[in-house]
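A.B. asks: Here it is, the structure in full.
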Amino acid sequence: MRCTTLIMVSFVVSCLLLSLVEESEAGAPPVECWSEILFSGKCGFHGKKKCYKEMESKLKQRVLKCRCEDVKKDSNTSKDEHYCGCQRENPYECN
């Protein structure tokens, strides 16, 4: 009886160890991929939607969420510009 119990316990422990090794070998998923591009014009009231459309057409990839930030004008810039920062859907295609 002891021998059978010992074999069963060692089998369970072996299975647990093997599953932990497989999980660690798979590696961590890639970190989020954010891209930021400068566009002409201001963000406006619907800046996030505007950035979403501009970034998808520019990157030719789906994006998950965006933020829009107007560039402050100084003496060197005469036109309105804004930065669009968006998170790409597929972090494996991050450049």
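Here the Cβ of each residue, glycine as well, is placed from N, Cα and C on the backbone.
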A.B. asks: Between C33, C43, C84, work out which one Swiss-Prot annotates as bonded to C51 by a disulfide.
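C.D. replies: Matching partner in the record: C84.
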A.B. asks: Of the residues C15, C66, C68, which one does Swiss-Prot pair with C43 through a disulfide?
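C.D. replies: That record, Swiss-Prot, gives the partner as C68.
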A.B. asks: Quick one: which of C86, C94 does Swiss-Prot link to C33 by a disulfide?
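C.D. replies: Recorded disulfide partner of C33 in Swiss-Prot: C94.
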A.B. asks: Can you tell me which of the disulfide-bonded residues C51, C66, C68, C84, C86 is spatially closest to C94 (disulfide bond)? Compare CA atoms only.
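C.D. replies: Checking each of C51, C66, C68, C84, C86 against C94 (disulfide bond), the shortest Cα distance is to C86.
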A.B. asks: Give me the Cα-Cα distance between C68 (disulfide bond) and C84 (disulfide bond), rounded to a whole Å.
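C.D. replies: That separation, Cα to Cα, works out to 5 Å.
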A.B. asks: Here the disulfide-bonded residues are C51, C66, C84, C86; which one has the lowest number of other Cβ atoms no more than 10 Å from its Cβ?
C.D. replies: C66
A.B. asks: Would you count the other C-beta atoms found within 10 angstroms of the C-beta of C68 (disulfide bond) for me?
C.D. replies: 21
A.B. asks: Among the disulfide-bonded residues C43, C94, which residue has the fewest other Cβ atoms within 10 Å of its own Cβ?
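C.D. replies: Lowest Cβ count within 10 Å among the disulfide-bonded residues (C43, C94) is C94.
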